[in-house]
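The substrate binding site annotation in Swiss-Prot covers 221, 263, 271, 315 and rests on similarity to another entry. Annotation source Swiss-Prot lists disulfide bond at 31-64, 216-352, 248-324. Marked as N-linked glycosylation site by Swiss-Prot: 100, 178, 285, 348, 376, 387, 398. Residues or ranges marked as motif 'GXSYXG catalytic site motif' in Swiss-Prot: 215-220. As annotated by Swiss-Prot, signal peptide applies to 1-19.
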């Protein structure tokens, strides 16, 4: 008997009718990710709602919601993060405990080359290679024994001097000065090329499943964005990132309106090029943003994140940092892994100093998530010094945290 595509379709129709996918199954097959949507809310946006208002109930749902948030953050403030380009090659040299990774990336006929020094621990690398910390601009936190450190010259990838830095740097030599990517987005692109190269450089003896990223102040903002956008980062450690980092735009505006001298969106876009020019259109009406930075931080989940803030510096927006990370924490809670998200906020030290009293909190995250040791990482604390401004969670968080199902 002849068998045609038509007869196959006719035979299959009843089966297809019975196997109609559920709403959540359909979303997993097709996830709508616009870069701009209608929105207006003075409260922090609910991370457990899709763009269309339907609920996020499962890990499968979160995969889609994460894609939506990434697209929105790029569309409104970060600019477009390009994918891996067709050309990525590298060379590696090592002498003693000092190595050097040189990466060439771009398109045929238009490539850039940059180098990053790596400091290795003494001794023989463990099975799988050394864990690695990628430090934006240099290390400002203590690193435990047994972890290599790569110093990433992110400012060469995209300058961050002032407004004149727009479109200047190695990234823009590839994608053009008019690329929408902010400097921080360009930094993520460069970091990803480093990881690409390490993945195919066995001589470096780096365990690319155990990579952390860190930075302080402006570089702390960049470290958080790297952890959010680059899923190969195993541990994210922003330090005193302040406005544009682990604080929320809405909460920083509230602090400013309450009389605190903090850096909010209207000022930060005049200082530097950490955000895309499109963000200028929203800084005077933050309520139009369909996200806030609790959701930037939540892009890291389910991977671990611990951030550090300093209440001695009012302009870092201490209430905003605590409130924003309190809101972000609900995503790890929904996943049943709150111990993968930490926050520490104290004072009595200079900006970007790391007091030794904080070492146990930091080393706990290193031990558990990079070194494979047992450690208690249920760490979420503040000294509560918010310059007289009061944090009231119900004023900003109007959602009930779900418990995610698998599907």
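In case you wondered, yes, glycine gets a Cβ from its N, Cα and C as well.
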### Task
Measuring CB to CB from residue 248 (disulfide bond), give everything in the same chain under 8 Å that is also at least six residues away in sequence.
44, 292, 293, 294, 320, 323, 324, 327
### Query
What same-chain residues, at least 6 away in sequence, bring their CB to under 8 Å of the CB of residue 221 (substrate binding site)?
184, 215, 238, 241, 242, 244, 245, 274
#### Entry: Distal contacts, the motif 'GXSYXG catalytic site motif' (215-220) - CB-CB under 8 A, six or more residues away
135-137, 140-141, 154, 160, 238-242, 245-246, 272, 274, 307, 351-352
### Mean predicted confidence [pLDDT] for the motif 'GXSYXG catalytic site motif' (215-220)
99
### Query
What's the CA to CA span in angstrom from residue 348 (N-linked glycosylation site) over to residue 271 (substrate binding site)?
27
#### Entry: DSSP-derived class (H/G/I helix, E/B strand, else coil) of residue 324 (disulfide bond)
helix
## Note on the structure
Apart from the site residues 221, 263, 271, 315, the 8 Å Cβ neighbourhood of the substrate centroid comprises 218, 242, 243, 244, 267, 268
### Task
Would you count the other CB atoms within 10 A of the CB of residue 64 (disulfide bond), including those on all shown protein chains?
21
### Task
By Cβ count within 10 Å, point out the most packed of the recorded positions listed: 178, 263, 285, 348, 376.
263
### Query
Can you tell which of the recorded positions 178, 352, 376, 398 lies nearest to residue 31 (disulfide bond) in space, using Cα positions?
398
### Message
To see if you understand the setup: which same-chain residues, six or more apart in sequence, place their Cβ under 8 Å from that of residue 398 (N-linked glycosylation site)?
### Response
43, 46
### Query
Can you count the other CB atoms that lie within 10 A of the CB of residue 387 (N-linked glycosylation site)?
15
## Note on the structure
Most Cβ neighbours within 10 Å, among the disulfide-bonded residues 216, 324, goes to 324
